[in-house]
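Trainee: Sharing a structure with you now.
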Amino acid sequence: MVQGAVNRHTKLSEEWLQKYVDDWVAFYRKHTKEGKVASYIPVLKKANPSHLGIVISGNNGITIQSGDVSIPFSIQSISKVFTFITACMQRGISYVLNRVDVEPTGEAFNSIMHLEMGKVEKPFNPFVNAGAISVTSLLDGSTPEEKLEPLYELFEKMLGYRPKVNREVYQSEKESSVRNRAIGYYLLEIGALESDLELTLDTYFQQCSIEISLQDLATMGKILANDGEDLKTGKEIIPRQIARLVKSLMLTCGMYDASGKFAAYVGIPAKSGVSGGIIAVVPPRARANELPFLSGCGIGVYGPALDSQGNSLAGIKLLRHISNQWDFSIF
Ligand code: GLN
């Protein structure tokens, strides 16, 4: 039985919060057996399916880390949040939204079917592959490095360092990219690419292969929780309007065809990737009760064993449990 319901007897000290989270990670680690690591990108098969870790970085200065928190992993689809932000900062929100919609698909992240079935002129949202590839095509530059430069600058402002592409992951993505190529050709046909197809795909494979840590996800989640502001310096890193837009998309489309369930049962904006990462955002909330992280926090979760929708299976269960225990839901 999982313990740790918050009630009036609960101590909110760091030590107690740490004990709860350790207990929950140990409990949910058992569920990693029910998932499978991604295999369609061959190098991702090397991940250890029993890994599970979480970092919670609070606005109150408290950081809780538990489980496998020191394994670097590729950012994969979580990059879509930040290329979308970058494109909006570069081109303006209306330019980007004229080219990619903000509707959930209810389909797999790499589906092509909905594009063709709906006879759409623009991809459904920036977090499915079709939308993300379109967004990548909007970035300025004539090489992947030039296109991704503002993304790296954004990461550097948020994290204090420039993360790098993991070349092995990048090669593996590139070599196993038939479906993304099919999506790319379809986008080309409907006029939804603003850069050369090869350049766009290469940039997309690189952005997905950027290596990050759980601490990084929690830090970036915290900045989004604060509408783009870094509370440490008081600087606005992401314009508030863009930060709010991206959070609404994370809530409605961030977990692909499991986004509705995640919104209903966990109730916070989040974005997953096939390497097993999840970034989650807990904005400050007004509650009468004494609860942990009332002033908001960013969360990073890593658990490479995935469910059938391509989301970290135990990671979602862990987030759901914590959200319920500590009343994280934004609703
Ligand atoms: N690089 C992966 C792909 O394009 C990203 C997908 C994901 O993380 N869901 O297939």
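Even glycines carry a Cβ here, placed using N, Cα and C.
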Trainee: Among E173, E211, indicate the single residue that TrEMBL lists for the substrate site containing S77, N129, N180, Y204, Y256, V274.
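Mentor: The candidate from E173, E211 that TrEMBL ties to substrate along with S77, N129, N180, Y204, Y256, V274 is E173.
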Trainee: Within its own chain, what residues at least 6 apart in sequence put their Cβ under 8 Å from the Cβ of Y256 (substrate binding site), listed in sequence order?
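Mentor: Sequence-distant Cβ neighbours: T105, E107, A108, F109, F127, V128, S272, Q309, G310, N311.
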Trainee: Look up Y204 (substrate binding site) in the DSSP assignment and report helix, strand or coil.
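Mentor: The residue in question, Y204 (substrate binding site), is helix (DSSP, three-state).
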Trainee: So of S77, N129, N180, which of the binding-site residues has the fewest other Cβ atoms within 10 Å around its own Cβ?
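Mentor: Among the binding-site residues S77, N129, N180, the lowest count of other Cβ atoms within 10 Å belongs to N180.
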Trainee: If you count other CB atoms within 10 A of each CB, which of E173, Y204, V274 wins among these binding-site residues?
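Mentor: Top count of Cβ atoms within 10 Å goes to Y204.
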